[in-house]
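> Before I ask anything, here is the structure I am working with.
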Amino acid sequence: MKTVTMNEKYAYKRTQHAWRAIHNQKYLYFMSIPFVIWVFVFQYLPLWGWTMAFQKYRPGVSFFKQKWVGLEHFRTLFQDAHFYLVLRNTLAMSLMGLVAGFIVPVLFALLLNEVRVQIMKRFVQTVSYLPHFVSWVVAAGIITKMLSTDGGVVNDLLLGLHIIDRPIQFMAQGNWFWGIVTSADVWKETGWSAIIYLAAIAGIGPELYEAARVDGASRLRQMWHVTLPGIRPTIIILLIMSIGHLLGTGFEKQFLLGNHMVIDYSEVLDLYALNYGLGMGRYSFGTAINIFNSVISLILLFAANGIFKRFTNESIM
Amino acid sequence: MAKPVQDHVLEVIVYLSMFAVTVLTLYPFLNVLAISFNDSVDTVRGGITIWPRQFTLKNYDLIFTFKGMITGFKISVLRTVIGTLAGLISGSMLAFTLSRHDFSARAFISAFLAMTMYVSGGLIPGFILMKDLHLIGTFAVYILPGLVSAFNVFVIRSFIDGLPYALQESAKLDGANDFTIFWRIILPLCKPALATVALFLAVGQWNSWFDTYLFNGSNESLTTLQYELMKILQSTTTSATNSQDSANMAQRMAQVSPESVKMAITIIVTVPILIVYPFLQKYFVKGMTLGAVKS
């Protein structure tokens, strides 16, 4: 008996304590609760929309009156031959983007770090960010212009060097598309992605280089044995994070660089959802595509994290 | 001590690649700039590199007669200013509360916010939500959906974490409440972090086109510059790739604006960003690194 009252007393005290804490921090609550509600509405409510994928969704009809169809939309999706084409494109461009978008910035950071003329280093770095700040609309316009058959610098250069004898229609051939998207991405984001690596390099202790120099290591060997291991944790964390976003790489590039002649190579999952889901009003089917995309991304994230944890003792979770 | 031969080889590789990066990055922009200042009839002959052959300002004059350009410019500036300010206020307030280790809801809100970086509803549920909230066809659709960004909040929070807590404690002793501490003490000290986040927000707002396409595509009074540019640039692709379709050709050619005009619009859309980013560089480099390390 005695213990019960003690517990009750304790619980009562705790609730009182909690309320007093909230009262004391009322300003902190005022400053955060509106935004928490906002996050709930704009970020979490769409997740509720996932239920659409299991319904025969009709807009404007209340949730309780929707007709539930189970996995029908997923079955339709997996039986659609077009889906596999789109999945292939998504995976191909994501993987190419992952490999290139990961190797090139590391390489760029390593080389930029070796530039000993400070003013030149700053200049190259500033210039390298430039494309990151322009929109994909502008970038796509510029890339299309550079690759065009009339007056595009790439064709002019290749013609001038007699590598080809007639201009290549880069933007009109499907087999060029994946390469163009990947290069465009590398062109746009290399300088930006390199910032984190450069910061990591700056954090490596100078005594390590000193020791390597005393041991007679050339600068190339210093890069290999000091700089690269020094940024290894950063590289791995960024790699895992980019694997998590593998299928979520979006569709801006594909939307803006693609055209109907290369559609068999340019259509990705999100575009498929846009065209079939919104374009044709098949909301439920489109949502099923979105869900498939998210689930695969999560599986990849956990898989990548697990693999790296096992082999390198580095992980983000 | 003589340098090893390897070092010289490395040096050559380093400087050659830096030269290549500079040219690959700058040439396309200079080329577009040159074409935008070149006579549009002359441009068709090709061969413009980084200097206009027949200098003219006509292309820029012509742009402003286009329907949608003036509205687009106004809306783009408006959404950039309002979106940046709103994002800064929400981001810094949340960041301040999350930096307070004594805040009882801190752990919950942090996790609630961090989750949004990994999961999202996707295109169609997002579209339906905007529809249900009656935001389609409004200016608010440019501001509200992106108001709180977890990444920005974490960037500001890690900056506040670096400030001495004693500042807040002494203000408290002087009788200041949490809001006063935030407004009078924390915010003025946060300028570097705020500059970083302001740049991210402003660039994001200025560059976005897809929300216009999705939500306000048919609403001419809410068009944006990027969307106008997108329409004009996309019109080429279709016409160029439809060239076998000769019946439509003449009609399409009439609609397509000359190369030089297109490049002039591209420049107009790009210039505001080119002006700001070098000045804010020292801030965003720090912000990027902080954000990446902490998140």
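Each Cβ is built from the backbone N, Cα and C atoms, and glycine gets one as well.
No curator has checked TrEMBL annotations; they are predicted automatically.
The feature domain 'ABC transmembrane type-1' is assigned by TrEMBL to B:73-280. Here TrEMBL flags B:12-30, B:77-96, B:108-129, B:135-160, B:181-203, B:261-280 as transmembrane segment.
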> Give residue numbers and ranges for long-range contacts of the transmembrane segment (B:261-280): same chain, 6 or more residues beyond its ends, CB-CB under 8 A.
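Contacts with the transmembrane segment (B:261-280): 29, 32-33, 35-37, 40, 59-60, 62-63, 69, 195-196, 199, 202-203, 206-207, 225-226, 228-229, 232-233, 236.
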> Before we move on, state whether the transmembrane segment (B:77-96) and the transmembrane segment (B:12-30) share at least 3 Cβ pairs under 8 Å, counting only pairs 6 or more apart in sequence.
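The transmembrane segment (B:12-30) and the transmembrane segment (B:77-96): touching, no.
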> Please report, as numbers and ranges, the same-chain residues at least 6 past the borders of the transmembrane segment (B:135-160) whose CB is under 8 Å from any CB of it.
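Same-chain contacts beyond the ends: 75, 78-79, 82-83, 86-87, 90-92, 94-96, 98-99, 113-114, 116-117, 126, 186, 190, 192-194, 196-197, 200-201, 204-205, 208, 211-212, 215-216, 219, 222, 224, 287, 290-291, 293-295.
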